[in-house]
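J.: So TrEMBL has the following annotated:
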type	residues	note
BINDING	A:Arg48, A:Arg54	NADP(+) binding site
BINDING	A:Arg125, A:Ser126, A:Ser127, A:Asn242, A:Ala243, A:Gly286, A:Lys301, A:Pro302, A:Thr303, A:Ser304, A:Ser305, A:Arg327	FMN binding site
Protein chains: 4
Amino acid sequence: MSVNTFGHLFRFTTWGESHGPALGATIDGCPPGVALDPAIIQHWLDKRRPGQNRNTTQRNEPDAVEILSGVYEGRTTGTPIQLMIRNTDQRSKDYGDILNTFRPGHADITYHQKYGLRDPRGGGRSSARETAARVAAGGVARAALGVVAPQVTVTGYMVQMGDRRIDRSRLDMDQIARNDFWCPDAVAAAEWEDYLTWLRKDDHNSVGAIIEVVASGVPAGIGAPIYAKLDTDLAAAMMSINAVKGVEIGDGMAVAALTGRDNADEIAMGSDDPVYSSNHAGGILGGISTGQDVVVRFAVKPTSSILSPRRSITMDGQPTEVITKGRHDPCVGIRAVPVGEAMMACVILDHILLDRGQTGGVRGRIG
Amino acid sequence: MSVNTFGHLFRFTTWGESHGPALGATIDGCPPGVALDPAIIQHWLDKRRPGQNRNTTQRNEPDAVEILSGVYEGRTTGTPIQLMIRNTDQRSKDYGDILNTFRPGHADITYHQKYGLRDPRGGGRSSARETAARVAAGGVARAALGVVAPQVTVTGYMVQMGDRRIDRSRLDMDQIARNDFWCPDAVAAAEWEDYLTWLRKDDHNSVGAIIEVVASGVPAGIGAPIYAKLDTDLAAAMMSINAVKGVEIGDGMAVAALTGRDNADEIAMGSDDPVYSSNHAGGILGGISTGQDVVVRFAVKPTSSILSPRRSITMDGQPTEVITKGRHDPCVGIRAVPVGEAMMACVILDHILLDRGQTGGVRGRIG
Amino acid sequence: MSVNTFGHLFRFTTWGESHGPALGATIDGCPPGVALDPAIIQHWLDKRRPGQNRNTTQRNEPDAVEILSGVYEGRTTGTPIQLMIRNTDQRSKDYGDILNTFRPGHADITYHQKYGLRDPRGGGRSSARETAARVAAGGVARAALGVVAPQVTVTGYMVQMGDRRIDRSRLDMDQIARNDFWCPDAVAAAEWEDYLTWLRKDDHNSVGAIIEVVASGVPAGIGAPIYAKLDTDLAAAMMSINAVKGVEIGDGMAVAALTGRDNADEIAMGSDDPVYSSNHAGGILGGISTGQDVVVRFAVKPTSSILSPRRSITMDGQPTEVITKGRHDPCVGIRAVPVGEAMMACVILDHILLDRGQTGGVRGRIG
Amino acid sequence: MSVNTFGHLFRFTTWGESHGPALGATIDGCPPGVALDPAIIQHWLDKRRPGQNRNTTQRNEPDAVEILSGVYEGRTTGTPIQLMIRNTDQRSKDYGDILNTFRPGHADITYHQKYGLRDPRGGGRSSARETAARVAAGGVARAALGVVAPQVTVTGYMVQMGDRRIDRSRLDMDQIARNDFWCPDAVAAAEWEDYLTWLRKDDHNSVGAIIEVVASGVPAGIGAPIYAKLDTDLAAAMMSINAVKGVEIGDGMAVAALTGRDNADEIAMGSDDPVYSSNHAGGILGGISTGQDVVVRFAVKPTSSILSPRRSITMDGQPTEVITKGRHDPCVGIRAVPVGEAMMACVILDHILLDRGQTGGVRGRIG
């Protein structure tokens, strides 16, 4: 019922509007004894922060996180952790001209229809700024994973911008941090750079993207069928991110074109654990992890705020045209990469804890 | 936390294994005063039931539903509704040879790893048979929608089988009921028929599919941001269905290749309500319905149980080959159509009720 | 939100009306590998069953439980367990004269006001018959405790009937099973017998009672502050039982009259664990178990259905008098004893599982 | 699962420790359009605030609340409301000598056992200071009730201190605000004053209390059987407050001594609605409101922190004696009055919203 809350045992509630005094995450269910301080969380927030390069909005806020509760002498106590980020750079005048206008592709109109009123400043609650709170929560989840399941790693990257895909034969995880796009393909990154510059400067347009997030080292046997399957929760996690319109696990939508023979991930016995010939399943069978990489992808629509005029209506129902000046990413998908990572970290931690409560975390033997 | 439960205010819990005594759905939160009897639910179960044509499994059970509670003199009372379907045709001997073998693509191995034991008969809890309970719950949701929001219709159909897509220029909803595939394109349906026959008889193989479900007449303003968005809940609903590996809202994964100009659904004022020039968004902005058709698609992987041998291991970790005889659909996607419809009906009803609790169900005025 | 569901990780949903086809409990979250068959549950149902002596209603049903799911070859699988009890002895004609009348002290009027309609047969959903489902769920909880925490015992007994209390100096747990009242004081039991016979036969009246339930062997450290404290959940558990109007932990309402010096349970170090000089706290501090006996008491109001006439109104708002013939316990508190035990068992199991998910179940060291 | 969260549709999560940087409440589910500013909430916080008279702790903090989200131009937007109260007067040195000692009657020992570590400063999370967050949430609930059900009033008062009860024949609600004890009986208040002064100064002791909270104007028909009954939720609400050991609805524990004839609240028809001859039931039948006053009472144990020495152990398991200096209320029950009011306001609002979601809020007709 907690409509602003995500998770089963590791739960976070995000709160705050784009241009209100602050935003943050209330985390309930972090295990006790985890080393935590603001710097640990700040590391991940800095990855997401706008204003870092030409391709993300020029809103230049430090996004400094404060830990208001749940930590004593540098360790979590098992009580709720309150993370707060003050909004310092609010320039609400930028948005003044759209107070009475519904921007196409934005939630202005639906928030108005549902609630009868809305906070129009910067999109209010529906702004992508909410995702900063998720990234902060994800930082806590990663810290807790470091104790609970230290072998788990979570890595996100962009695999498609517009109709330009990476070439998986050039996949190099070391490239991810070396370009503005979290792109694991150096050649693609260079092309995207040119394309995005043109889009922004010349075409006054924006473009969509696809992000892939991989969790490695996830123990086999986590996931809670039927309605809290690991993939179900990942689908919900990613679809809840602003502007996401599609989510895939493993081969995703492409499974439609596969045959059963092709799709079978054949099983052999490794030294200790089963090994698989392939990973069409994305590391999940029947909602439960296989021990392979957990692979999720999601598509982010192009930024709706563009400098090109689009037809719309005012609150009075009068026709108008909307051009959104303000500061906007031409490809919001870029900033969605650390957000997707954060959601993956939260889901994996949550399911490890849930599995402990369900089964004690003991695994069935094979071999 | 209810890992076998779906929904916020209209909640259903499914229970039961493929070859146990019975399966069913415990529904909590159906509004009072809704006309309901077994025939109303049976209508939808009969749509899903296997054994109806050559392309679905030959398991020939009546799937007769009993209403054990929550209904008095033909009307719901607001108390829990228990729906039970007895398993009558269990032929468990068909599965005897796979008691100690993990079938590739199935949840045998992950259930074993998580729980340490499993009901192997027909896949136990992870069998697609669980979806009969969803369809029954969906029948109740549709009955309740008939009172709460009678203008809402929910229609599912198959848009792709293998790499064969429908031609949307031939889309004809009247065709859906006229072929074995819930296919709205008569030409495609004929081709699929031949293809599937060949796959099953000659190729001993199976194939994936994509299903689309559309809800029309959904009032603007339902959906509960941020973590119970209408699209978030639809993604979870569809991803929780057996064998589903991808979910799309509106343009789905294809938004990645769109630009902001192309993706904008421009707004004009209609006689009473806003009207949109297009529906790339699939009827949802910021997690809240726009009043347009709500459009979701999901991909179903090919049936893992095939007559072609696949390599696997036994519970002892020994290598083996698996050929699944039994009764199996060459394209489980076919039977997923009424399941997707059922989930859509449940989500829409649930969000209408939730919105009433949140806002009183009153809409903000436009014009 | 699950208004007919109780519990966090061990959750049960009860369903069914007094005179409908069946009632039962859908249990989600029972750990896998627990030995379970109908006889294990039936044992506890038989304790609660009416028709056993002169002081409980003469409704003579076997209350035979069927396990419809979640158990394979005598062991739980970790999937939902459906327990069904058919209603066989429904004699609804007994209730025919009260279809249009609201019985004082019953939920007839409030169900009508809330839902607009109600199942009037035997009180429908608000009948104490619902508690059979709880007792069945409690039987499963006890079986699971036998695996998860075998040292835990749960014992309920009646400590007051009307204004007649037991004498705690005569407390003898062996007496509980030797009288019709679960009374641990043989002298009191004999007096209650006479009193109740007079009440029923001569006074046409009924009377209230207080039940005490003690859980021994509960590990220190379970409970989930702040809003799922062990005592919070016990208070909810007991108050949800029909006719309960008060719940106490440890010294309960009497703490008001104590001073801080008197109320302090002083602590010393035992051979392994802390030991306490007294147990005013009822085994719970700050919502978390101390390792002492967990002690809860609850008061059950006198049966509202009596042979003495009470003034009321009809559905049309006309004045009338109500005399309830039918079959009714003169002291419903008697049957509440196994119900209270069942709820205690469920809460203790649930919190042990929850604690495993929260902390891994590892305890902080003392000494 | 949200163990630090309370409520169904109107939900609040409290966070923060006694001596951490801040504490507060994250509220999800407040209806949109409610007039709200800090002063509205501050009004209720000031009622609870310590340091107001000689009988509550001398901790003199302003407890100034900040609204960080969910309000735009003085009205709630339907999005999460974050309320933060900075801790300004922390004097942690007062607690230095008990870092390694478990105080009898406190949660020090159980938090240590559960979590392996704890924030010892002022009791950390288990401090009664947490209740400030509840009072803030209650202030929001009252503001929302002003829109949703303006006829509802919530009034709390103390009816017993130690073994001294009020005389209900002298009950005068106007007295409540005129003494330090929220006592509706001026004579009793004067006696309590003397008693408490003696306890504190001469006896170095503390004492328990009983608080009663009444909600008037509650519409008939709210409450959600079976496991979210109005009384079930009130029992949980009150038992979750620090130091509470018993909860009663209507006649409470005293129903045990009543007979069915005495306990019956007889029903007659008023001008529009049913009227009752008495209110033994405390305004609730079958978990649903009758329209009468909803009456709940709870007992608060004596403050565990007293100047008289009590035997205990250290973290090393060594015997010690504890004398708690610091600042402590001799009767914490006093400050529990506004907390009980806040919880009542939250429960009533929550159930009105929930009922709207369940039934549309339409009532069954009588007469």
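Even glycines carry a Cβ here, placed using N, Cα and C.
Unlike curated records, TrEMBL annotations are generated automatically.
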J.: Return the residues near A:Thr303 (FMN binding site), defined as same-chain residues 6+ apart in sequence whose C-beta is under 8 angstroms from its C-beta, sorted by sequence, else 'none'.
T.: A:Ser206, A:Ala243, A:His328, A:Asp329, A:Pro330, A:Cys331, A:Val332
J.: Which of A:Arg125, A:Ser127, A:Thr303 (binding-site residues) reach within a Cβ distance of under 8 Å of chain B?
T.: A:Arg125, A:Thr303
J.: Write out the long-range same-chain contacts of A:Ser127 (FMN binding site), meaning residues 6 or more apart in sequence whose Cβ is under 8 Å from its Cβ.
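T.: In sequence order, A:Glu17, A:Ser18, A:Asn242 meet the Cβ cut-off.
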J.: Using DSSP with the three-state reduction, classify A:Arg125 (FMN binding site) as helix, strand or coil.
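T.: DSSP call for A:Arg125 (FMN binding site): helix.
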J.: Check each residue in the chain of A:Arg125 (FMN binding site) that is at least six apart in sequence and keep those whose C-beta is under 8 Å from its C-beta; list them in sequence order.
T.: A:Gly16, A:Glu17, A:Ser18, A:Tyr111, A:Asp119
J.: List the same-chain residues at least 6 positions away in sequence whose Cβ sits under 8 Å from the Cβ of A:Lys301 (FMN binding site), in sequence order, or say none.
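T.: In sequence order, A:Gly105, A:Gly208, A:Ala243, A:Val244, A:Lys245 meet the Cβ cut-off.
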J.: According to DSSP, collapsed to three classes, what secondary structure does A:Ser305 (FMN binding site) have?
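T.: The three-state answer is coil.
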J.: Filter the binding-site residues A:Ser127, A:Lys301, A:Thr303: retain a residue only if its CB is under 8 A from a CB of chain D. Output in sequence order; output 'none' if empty.
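T.: Contact set vs D: none.
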J.: List nothing but the one residue from A:Ala243, A:Ser305 whose Cβ has the fewest other Cβ atoms within 10 Å; the candidates are the binding-site residues.
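T.: So among A:Ala243, A:Ser305, the binding-site residues given, the one with the fewest Cβ atoms within 10 Å is A:Ala243.
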